[in-house]
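One structure is given below, encoded as structure tokens.
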Amino acid sequence: MGAKHVCRRDPVPGECGGACDDSLWCGEGRVVEEFVMEQPIPPYLFAFAVGELGFREVGPRTKVYSEAVPGVLDAAATEFAGTEEMIKVVAHELAHSWTGNLITNKSNDHFWLNEGFTTYAERRIVEAVQGKERAVLNIGIGWKGLVEEMERFKDNMEFTKLKTNQQGVDPDDVYSQIGRPAFDEFLKKYIATFKFQSIDTDTFLDFLKANVPGIENHIDLKVWTEGTGIPPDAMEPASDIYTKIVSLANEFKVGRMPNEDEVADWGGQEWELYLENLPKSVEASQVLALDARYGLSESKDYEVKVAFLQLAISSRCSNYYNEVEKTLKEVGRMKYLRPLYTGLVQGTGKEEEKIFAKRCSQRHVLAIIL
């Protein structure tokens, strides 16, 4: 799906409707490039890539485009290489081609229709590529993040409603009630029915009830779409490896770190889940011991590194403040910036204040507000 170039022509006075002065619009050397797109899409999906662009190949069929500057190109290619998190990101954005682009939400009040189905599709892709255990780890990390977001909004639970919540809550409860084969058929029909349309929650619910008769007898749809907090019948993910990792994290509370054999096969997602289930703060000596054994502060996976640095900040382990500052300089994703800046703000020491003041002044205002 994309626009096609149809012609290049001279500009005509008055055609830009006052958005640009005619003397500028029709100035010397100006041309108008015309494109046509047959499929209707909402304005927020328009994207323009303007300027001198280059690319780096990151796979047999995959290229990453950016400004044609060697350092920028290399950084852009590295952004999508080498970690399990990037596999999830690519899977997620690929899934948006269907849920989010082909069908999109009518307004931000119904944003869950984009992110919910896309998150579900992402996890199915991860399962197909990496196996069911990895998919459950992915879900487990998402569950932990959801619980933390509920704590974050505990003073204004209105923001936890599905219809206005932008946390990517997925429709997995509907799926789990009707089974995968039936849900797959429903999902295909949903995409075929609403392609190139913008819909709202009520439209989706009407379609769901028409195509999954009796679903209201199994799920309280009003509670799930309009209620606050996590619904009482929401299910925490379960698998042997998920349970083992959470259990090992609980053992850390009584002073036991996992041994080398227990973590020999761990990748980024296992470490991320482990770190996310540790206490919010521990003794500084425990932070140092954990890093001395496993080198988490040097991880190339920012999911792991940022989770570890969060623990270091909240535990007031100043040994890692230089690494925190370095990481804030290197990364640009809100997913990594927000927890580190939040940790610094919540700290009470002069070092935390110094790092925050130095780095936040270099960020976009939205990064600081959020």
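From the backbone N, Cα and C atoms, a Cβ is placed for every residue, glycine too.
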Suppose a student reads TrEMBL and sees His92, His96 listed for Zn(2+). Which of Glu79, Glu115 should they find annotated at that same site?
Glu115
Near His92 (Zn(2+) binding site), how many other Cβ atoms are within 10 Å of its Cβ?
19
Measure from the Cβ of Glu115 (Zn(2+) binding site) and count the other Cβ atoms within 10 Å, all protein chains considered.
21
